[in-house]
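Visitor: Could you have a look at this structure, given as structure tokens, before my questions?
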Amino acid sequence: MAAPIDTFLFTSESVNEGHPDKMCDQISDAVLDACLAQDPESKVACETCTKTNLVMVFGEITTKGNVDYEKIVRQTCRDIGFVSADVGLDADNCKVLVYIEQQSPDIAQGVHGHLTKRPEEIGAGDQGHMFGYATDETPELMPLSHVLATKLGARLTEVRKNGTCPWLRPDGKTQVTVEYYNDNGAMVPIRVHTVLISTQHDETVTNDEIAADLKEHVIKPVIPEKYLDEKTIFHLNPSGRFVIGGPHGDAGLTGRKIIIDTYGGWGAHGGGAFSGKDPTKVDRSGAYIARQAAKSIVASGLARRCIVQISYAIGVPEPLSVFVDTYGTGKIPDKDILKIVKETFDFRPGMIAINLDLLKGGSRYLKTAAYGHFGRDDPDFTWEVVKPLKWDKPQA
């Protein structure tokens, strides 16, 4: 009889678009989209906070566009489903405060020379270090625990908005624990160990109805059957009651869900949030190009799993450091992969913005602000496009 394989449990969580922190991310990115749509050179650092009956937008924005911030706030909240005080916020009647100033002239001269620098000369908008990660355990080259938690959240919103589960309200959280096997550095998912869903609901529905609907309409369509077995544990609204939600239940802030936005606890994170930031902010553009690099390494067959780190100094275009680790799964040494990465990718912020087409607004950034920035199949997510990496397979 074969010896039992050594496995471990790893958990990732997600929140859906009605969670107050995620609502703030979406408002900040809706503002960014509006600024870039009118003026692609807009410099945006937009934060949002919310509590009962209140949304405040604040930060530094320099744009030639004429942007109606209050209108954007109300429309974004309305689209999420916050249309009455009962569900957590009334988009049409809540108080909206706007405190927006221009970008500091000190930062402007150092980063883009008050818009006089050529793209290749534009410096990083701040110091910091960013990570990109990829793994061959899913078609998206993303961690399964994160993919499932994220898709459960997206599905919750889908069945709320299409009327399948009319008792649902906008706020909700999901969490998935996966049992993994470590195959010499590569991650191999064996099964789903635990599924947790806590979703806001109306007064009329019973806990039994909630559990039955979540299993049938949310879990079943999202989690492949091969990962579920008789031992899988389900915690469905384990607190017993979740009627009060959204900003009425909890305060919300932009940039408080950075692990949900990225890799669900896998890889690493430099700490900088994404939403509300234009592409000169390397917290965002640096993390996007690092994901493209890591994904390209795995997709090109150079490694089964990979992390890429880059770092910057404010006002300096070239990264200070680039680091690659393939967790022992590389087909050639990591130092050789690093050389290929440096030859293939341009990590200067102005060039990232051009090569990934990051100066385009519309609803591009709003889409990123819920259900993850990575692993999405959407042409606007340009950093998900694999760059083929040329390498010589070592002789066997």
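For all residues, glycine too, the Cβ spot is worked out from N, Cα and C.
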Visitor: Do you know which of GLU47, GLU60, GLU158, GLU203 Swiss-Prot groups with GLN103, ASP250, LYS281 in the L-methionine site?
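Guide: For the L-methionine site that includes GLN103, ASP250, LYS281, Swiss-Prot also lists GLU60.
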Visitor: Of the binding-site residues GLU13, GLU47, GLU60, GLN103, LYS281, which one sits closest to HIS19 (ATP binding site) when you measure Cα to Cα?
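Guide: Closest recorded candidate to HIS19 (ATP binding site) by Cα: GLU13.
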Visitor: Counting other Cβ atoms within 10 Å of each Cβ, which of the binding-site residues GLU13, ASP250 scores lowest?
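Guide: Checked GLU13, ASP250; of these binding-site residues, fewest Cβ neighbours within 10 Å: ASP250.
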Visitor: Take the Cβ of LYS277 (ATP binding site) and count every other Cβ within 10 Å, whichever protein chain it belongs to.
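Guide: Around the Cβ of LYS277 (ATP binding site), 27 other Cβ atoms lie within 10 Å.
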Visitor: Just how spread out is the L-methionine site if you go by the largest Cα to Cα distance in Å among GLU60, GLN103, ASP250, LYS281?
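Guide: Those residues reach a largest Cα separation of 30 Å.
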